[in-house]
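S.K.: Before I ask anything, here is the structure I am working with.
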Amino acid sequence: MQQSMTKVKYLWKENNNYIYSTFLTLLLTVILYANSLNLPLKFISLLFVVSTLLIVFLPKKLEVATIIFILVFGTISAIISPINDIPDEYVHYSRTVYISEGDINLTNNNKKLRISKDVDKLIKQSGKTFITSNLNATKHSTREYSYPYIKGTNAYYSFSYIPQALGILVGNALDLPILLTYYFGRLCNLISYAMLAFIAIKLSGSFKQVIAVVTLLPMNIYLAASFNQDGFAIGLVLVTIGLFINLLSSKDKSNYNTKFFLYLVLCGLLVLSKFTYFLLVCLPLFIPNEKFGKNTKLVILKKLGGLLLIFLFAAMWFRLYGQVKTPYVADFLKEVNVSQQVKNMLESPIVYSSIIIRHMVINLINMNNIFQFGALSYGITNLFPLYVCFFFFVYISNASKITINIVEKMGIIFVISAIIGATVLAMYLTWTPVGSSTVLGVQSRYLIGIIPLVLLLFSSQQQKFKQIEDILSDKLAIHVSLLFILAMLMSTIFRYYH
């Protein structure tokens, strides 16, 4: 008994600050987001107990701790988020069902875009929660109907929907009610994201704390716990960046060519799932050639050959998916005309270049949108300044862990600029009325993947950074990330369960 009490006292002494901060965070969210005094005390208590147990018995390995947090709190998010509440979830869900029925490719023939009536039933229940939905006993239907809005996912190939589709297949095979199958599909997507996060952290070596914190962004958890393929795509982006960091910092040259080949494969997959991020293929160009082998000419040939291959593949995919015409989901899209927009830009390059550059800067420095959820209708944006402060401490704690030369830094600047520019340009061409002086449709979540690169860019070997290296322990970094996830979950609860 005495030994047990001693252990309890030790655990309390080691973790009391974490427990207090968890309690205070939950209290703060009540003050900020509660709409009435009728508080969901059972749910709040559950969050507090689960958070406390996880932080007290946190695994020592950062990648293991991170994947546990993703799975536990992602599961909670998947369950409490209303049906089709995540951005564009209804169309991603319909694409998932389409794939689960054995249909791989999209077509402009709307009559061939047939899916189960389950989709129609769940779309009509959009905004309902697992408590208010009346589909708890409704079984899977084999009856089909035409649903042309599936074409809204034309930029993504089918493989990024495989996890969700497996969830749908298993749920239907077990004859589960369609609501349970829906949630199971969300959970399968979450599991795939957790696996990718684990790989990304393992690959990134001494920079793993940064990658772990990015994987635990509330928006990433929120997206991964849904049918939106962005969860899978962001995971893939982080794996690619993790492998780049590995190439950058590894002193073992024996398997560099294998890693470079895998890097090209990942960039090829990004073409099909997160198009503008295929530009990550440019990063290895700026790594010193001697790391890839002694034959400089052969190394340069490999780099340029890989770059050309991915760019050709991207051009082919861009042309291919552009042939699938998406239906109008808003009246202003009738004023969108890609060819006319391009013509205007060529005729007045200075005017339109200034529009693109201005919105590149705006979207880089104003990313509080990543703390908005639902149809951008609620969130924790008032906590974003606190998150920026937290991320600053993550930066200074890791700034001296990787040595980067000036050429590599210039390469990172180029790729960051190219990804932001391509994202803004894509939305200007495909989502903005012709001749507009603003750019519509760009959301902060589209740029989450560049965050590790920004921190990597400012790596420094200055003595002042060496002195404060690891000022933020892995446990503290995980815990503070948890506090923001709790805020996200609480905001969802107060939004829909009051």
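Placement of Cβ uses the backbone N, Cα and C atoms for every residue, glycine included.
Sharing the feature lines straight out of TrEMBL:
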- 18-34: transmembrane segment (TRANSMEM)
- 41-58: transmembrane segment (TRANSMEM)
- 64-83: transmembrane segment (TRANSMEM)
- 155-174: transmembrane segment (TRANSMEM)
- 231-248: transmembrane segment (TRANSMEM)
- 260-287: transmembrane segment (TRANSMEM)
- 299-318: transmembrane segment (TRANSMEM)
- 377-398: transmembrane segment (TRANSMEM)
- 410-431: transmembrane segment (TRANSMEM)
- 443-460: transmembrane segment (TRANSMEM)
- 476-497: transmembrane segment (TRANSMEM)
S.K.: Against which stretches of its own chain does the transmembrane segment (155-174) lie, if we need a Cβ under 8 Å and a gap of at least six residues from its ends?
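M.R.: For the transmembrane segment (155-174), the list is 92-93, 95-97, 99-100, 104-105, 140, 180-182, 184-189, 191-192, 227, 229, 232-233, 236, 269, 272-273, 275, 317, 321.
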S.K.: Output the single range from 41-58, 64-83, 231-248, 410-431, 476-497 maximising the number of Cβ pairs under 8 Å to the transmembrane segment (260-287).
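M.R.: That would be 231-248.
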S.K.: If I count Cβ-Cβ pairs under 8 A between the transmembrane segment (443-460) and each of 41-58, 64-83, 231-248, 377-398, which range comes out on top?
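M.R.: Per the Cβ count, the answer is 231-248.
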S.K.: Go through the chain and flag residues at least 6 beyond the ends of the transmembrane segment (41-58) whose CB is under 8 A from any CB in it; none is fine as an answer.
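M.R.: For the transmembrane segment (41-58), the far contacts come to 11, 15, 18-19, 22-23, 26, 30, 65, 68-69, 72, 76, 475, 478-479, 482, 486, 489-490, 493, 497.
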S.K.: Out of 64-83, 377-398, 410-431, which stretch touches the transmembrane segment (476-497) the most, going by CB pairs under 8 Å?
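M.R.: Looking only at 64-83, 377-398, 410-431, the most contacts with the transmembrane segment (476-497) come from 64-83.
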